[in-house]
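Participant: Provided herewith is a single structure, encoded as structure tokens, for subsequent inquiry.
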């Protein structure tokens, strides 16, 4: 095995190396960035269902919620633009931050971007915890958004660059795993603080804990070889590559990284470059995967779960506990993806998850239609509520082993170095933009579309599943710098990828 690499029958090179404890620990610490996003997703819905919080900041919503005269439809009790702005403002800020984070990640490294993400989130959590008016809440949410934007830009890229190709999927999904753990932790905290005086302050303020952990962790992490080469520190990069691969024989992989970096340095405008025809596959998936991820409807469940359960007739404690249960399912199901993604591949998880989500959403929509109809008046019996919760959990599980982790993994692993920051920035920006849109309009859509909202999302699940079946090639076990071979061998994308492409920084023919 000369040079530390071999070529398989498909023409894709595989580098020598093994899974080291150093890589596992490093990726675990970096993945903590997902806790920030997850904690916020989980904490927001619980807080906005707490009476004390609503009385202080959204008294009109509280009045509608307690209205027992049936003048207000169950579908419309939480329809308030200021309340949804509290939730959605974070994602608008994250969208804006992602573009600044792309420049930071490329110029100063992945670590710097992670640290800034933790720092912004820390300040935002403290402002929310000590908020005395709606202005402090919104400003805090905007700072939380900057934190999420920086972390979502840098962490998936960091994980993909540090991980060996054969377990890149599992380690990258560590980010999604931390998101799910953050959601579950937030749900448990909301359940514990819901009966406390000013419990909402504790729930919001505790977001500072994962932020501090990330700030400290990012200072202790080593930079990726790709980033070190990108900034001219070749000697340290080669030493780091030997350490993370657990072998001295890294010459081939190191040279490919150097060649790729030199080629990338010739690109003055990565944003313009990614729009070129040869990068059409990367641009397509970095745009459509996050778009479709939000239109699965998952964040409706994640950050409005307690509110949604309360609307559907669950009691205060029952609504929070149901959110805890769905959060627990989310964590366990993500583990399925960790163990399956590098064994069975990305496509099978996407396709199975999409099918299961569609079936569950249709059943949920039918159950709500049967009980609440168009008037919004009705309730579930305990047995019916348990069945509804089962299908919501089955839906959450399907997302957690498919579109949840793969929505971050695939865009982070398909881009060549010269367009990687731009590609990941597009991924985060599109994700945050549509998260903002869904968060802002969901309660209004629920008020007007009623049970039809679940059929609306089910329709998009069909479209995205067909999209994956037709256009996404399998990327498991393919080194990032060899990804062009995958596009060249695909029936559709081959027309965009020229025969003469950069492979490891050298102009070589790509065999279809």
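Backbone N, Cα and C define each Cβ position, glycine as well.
Keep in mind that TrEMBL annotations are predicted by a computer and have not been checked by a curator.
What TrEMBL lists as transmembrane segment is 19-39, 82-102, 114-132, 138-159, 171-190, 202-221, 283-307, 319-341, 348-368, 388-410, 422-445, 451-472. Taken from TrEMBL, the feature domain 'Major facilitator superfamily (MFS) profile' applies to 26-476.
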Participant: Sequence-remote contacts (6 or more beyond its ends) of the transmembrane segment (171-190), Cβ cut-off under 8 Å?
Facilitator: 23-24, 27-28, 30-43, 46-47, 50, 155-156, 159-160, 162-163, 202-203, 206, 210, 302, 305-306, 320, 323-324, 327-328, 330-331, 334-335, 337-338, 341, 400, 404-405, 408-409, 412-413
Participant: Would the transmembrane segment (82-102) and the transmembrane segment (138-159) count as touching if the test is at least 3 Cβ pairs under 8 Å, pairs 6 or more apart?
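Facilitator: They are in contact.
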Participant: Give the nonlocal contacts of the transmembrane segment (348-368) in its own chain as ranges (CB under 8 Å, at least six residues past its ends).
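Facilitator: Same-chain contacts beyond the ends: 296-297, 312, 337, 340-341, 384, 387-388, 391-392, 394-395, 397-399, 401-403, 406, 450-455, 457-458, 461-462, 464-465, 468-469, 472.
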Participant: Can you tell me which parts of the same chain pack against the transmembrane segment (138-159), counting only residues 6+ beyond its ends and a CB-CB cutoff under 8 A?
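Facilitator: Same-chain contacts beyond the flanks: 27, 30-31, 33-34, 36-37, 40, 85-86, 89-98, 100-102, 104-105, 110-111, 113-114, 116-128, 131, 168, 171-172, 174-175, 204, 207, 211, 214, 221, 224, 408-409, 411-412, 420-421, 424-425, 428, 431-432.
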Participant: For the transmembrane segment (19-39), find every same-chain residue at least 6 residues outside the stretch whose CB is under 8 Å from a CB in it, and list them.
Facilitator: 114, 117-118, 121, 144, 147-148, 151-152, 154-155, 158-159, 162-164, 167, 171, 174-186, 206-207, 210-211, 213-214, 217-218, 220-222, 243-246
Participant: Report, as numbers and ranges, which residues of the same chain sit near the transmembrane segment (114-132): CB under 8 Å and 6 or more residues beyond its ends.
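Facilitator: Counting only partners 6 or more residues beyond its ends, the transmembrane segment (114-132) has Cβ contacts under 8 Å with 30, 33, 36, 97, 101, 104, 139-151, 154-155, 158, 201-202, 204-208, 210-215, 217-219, 221.
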